[in-house]
Ligand SMILES: *Cc1c(COP(=O)(O)O)cnc(C)c1O
Ligand code: SF4
């Protein structure tokens, strides 16, 4: 099947061009050296073990190992692809929707994704919010009663230790109008050993906490990820998944079906399938929206409803995320999963008054 030879075992996180080459995961090149100098690299053991050494097109390696293709930028790509900067009133906080904010307590991740929409910023250990910067971010939330949800993202908030996470939970709990928190993370996939009983207890110590896991390929759920997700689910933490649609990784109905089925078995509800953002140097990883819609159409007929995420685009410039189809309504009719159109009074609907 997948592995022609036994997986390579790495005990340490690979962080340099030389380490990737030595592990058989990249070929030495000037492009690799340049990318290693200018972008963050981390391939932790749990993910390195899932890659097939020597195969550049391995779907796991494609996500995390630099490719010379990244030196090719296209005109539509931009440095701040989703417009975080324009909506950041306080350092580390993004406020774009009326009822929820993002807080980015740390910009470090357990693994760095080559298509990351914050690629130019992640990996900076000095960007971790200080106590006074956290005070300012939480004061912003406390002053705005409309804010009901704090989404901790980054970077990866689960890179903070249990004590720091408990501090975030306590700060959220001290604001009466904050009803829930959400943690966006790759940790259960990339460094499942970090999901300890202490970490789970810290997550549960504040307002109800949801955990959103970033996972793109079914192979990421083999290994230790399953047990880490089970520890979270057994603690009663609702789990959702965000997947980025990536060319050569998961732009295939069979791969997405296997991923979403594995997620619901792990008690994780597929939430969003993200069309990739216009990050500079990622055109080799971006399918077209039409291809994404065709994949969603193919899944509709063959997969349980609870395994179907919403396909979304984060509009460049900061206008927000919107579903991008496919659209099942046609003029005066509705299409079924086989593409057959059935008459329905779409335009007329019911009374409008
Ligand atoms: C994605 C995002 C959210 C969360 O959006 P949901 O649709 O609730 O998942 C919140 N704020 C910002 C700025 C975002 O980019
Ligand atoms: S884990 Fe998230 S924030 Fe970190 S590099 Fe990947 S996409 Fe970016």
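Quick reminder: no glycine exception, Cβ is built from N, Cα and C everywhere.
Annotated in TrEMBL:
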| type | residues | note |
| --- | --- | --- |
| BINDING | 109, 113, 116 | [4Fe-4S] cluster binding site |
| DOMAIN | 95-316 | domain 'Radical SAM core' |
| MOD_RES | 321 | N6-(pyridoxal phosphate)lysine |
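Location within the structure of each feature annotated in TrEMBL.
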| residue | record | Cβ contacts under 8 Å, 6 or more apart |
| --- | --- | --- |
| 109 | [4Fe-4S] cluster binding site | 40, 42, 122, 123, 154, 155, 156, 159, 186, 190 |
| 113 | [4Fe-4S] cluster binding site | 63, 64, 119, 186, 214, 244 |
| 116 | [4Fe-4S] cluster binding site | 122, 279 |
| 321 | N6-(pyridoxal phosphate)lysine | 272, 312, 313, 314, 315 |
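Ligand 1 lies under 6 Å from the Cβ of none of the binding-site residues 109, 113, 116.
Highlighted in sequence order, 40, 111, 112, 114, 115, 118, 119, 122, 186 have their Cβ within 8 Å of the centre of the Cβ atoms of 109, 113, 116, the residues recorded for [4Fe-4S] cluster, and are not part of that set. DSSP assigns residue 113 ([4Fe-4S] cluster binding site) to coil, not to a helix or a strand. Within the model, the domain 'Radical SAM core' (95-316) carries an average pLDDT of 97.
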